[in-house]
């Protein structure tokens, strides 16, 4: 009876822990920020001397530039992995389609990560700031040599060159975008040449602008974080929600860090050169838009001199091998919650097995088998305890009938029975306790790992990261739960009996919302548990039968002697 109560409590705890995990991930302490005066500015101050920054214009296109809007052009760049558009207005990256990732499991249309013509808006911006009103920021009009670039066979990279000039001051700026084959990285380089008579002093900035996802974008039963994030060696990985940006604006000097806008499976991130100190900032803009970026220190370019400002933009899936190549800490953007220490080894194991078998579903089955083998002895102890509980079930029923409503006397008599039969009433709960963190860790692995996005298994399961479209796996899982209950000792309390009978139905309904890969894990785990429990119970019954036969034979022999 105690075993059943514990099982019921732990089973329901799975639901509570999943809900708590979602709440905990969404209500972490906000990033420490500096209070700043609210403004509509979308151009940052320089890293080292923010008080010297010129007054920036607001986020709208200045009146002096509105007549030039018609001159804006879009430069299309197509590689083996990306199809993107760069606007000559500021050189913004305003559209990015990921050619190797479909919109859904059944729609091969490339997934659009960045766009400026829909909700949510998501674009990348960069520019240079100096003391002049005419400056090459993200509102300036650049010139492009061509309207389209395509990576041809035999080519390893594409370079897109945009130019801007202030003839009155003799300042010439070239912005060069470089995209490599088999890469989601866009290298951005500002080249400043001073052909004038006076020195030029300015700084660069690199930022991401987006707004929150519209309500209803993701189902209520799937929680993923969408918002900003920064990394620094001192404070490690920090998430910055849009609400945090509304409350306060970040302004922090960071060396050897990065800043990103992250969402489910994908991210856009500025990753500056190593050891470069930059000022990281956030802004809440009008129109429900938010800016996260970084600005460099001022540089001085003497007449006849040149200077460069460089950065890297990653726009793509959170594939951990690629992220690790960019920066050791970039894999932290794949957020597995408070069980990261368990989830990362699980993903590593899944990933390596998948490399061998070539199927993520088969990898999940094999990982489940390995986990079961790792805890085989622990589970065996539990199932032996359950088998003993089942064997003394008739005697427990007699105790209940004898003591009636005297629960204290009943509990005392049951404890004496447990002691006499050497039964640990809590022995069956330990494997369940062990499975709960594994279950939750695997849940986040399946939910957060883009490697499993749209990963097929077999037959009707074409996406292990989404729910079973025909609910076959949840129904089978519910059937295995019901079968497991038949192997366990039944509760003495009629109310508990009804609750335990309803539990497989409740869990079947809940698992209909879970990713198919997670249901597959639970189904296989239940099947292996049933097989192990049946094997142990059969052996114990054989042992008991052998003991009874020996005892009977001994009694007969004794009678013959008498």
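Backbone N, Cα and C atoms are what each Cβ position is placed from, and that goes for glycine too.
Checking Swiss-Prot for transmembrane segment across the ranges 426-446, 447-467, 468-488 points to 426-446. It is 33-71, from the ranges 33-71, 72-110, that Swiss-Prot records as region 'Disordered'.
When Swiss-Prot is compared with the stretches 251-271, 272-292, 293-313, 356-376, the one noted as transmembrane segment is 356-376.
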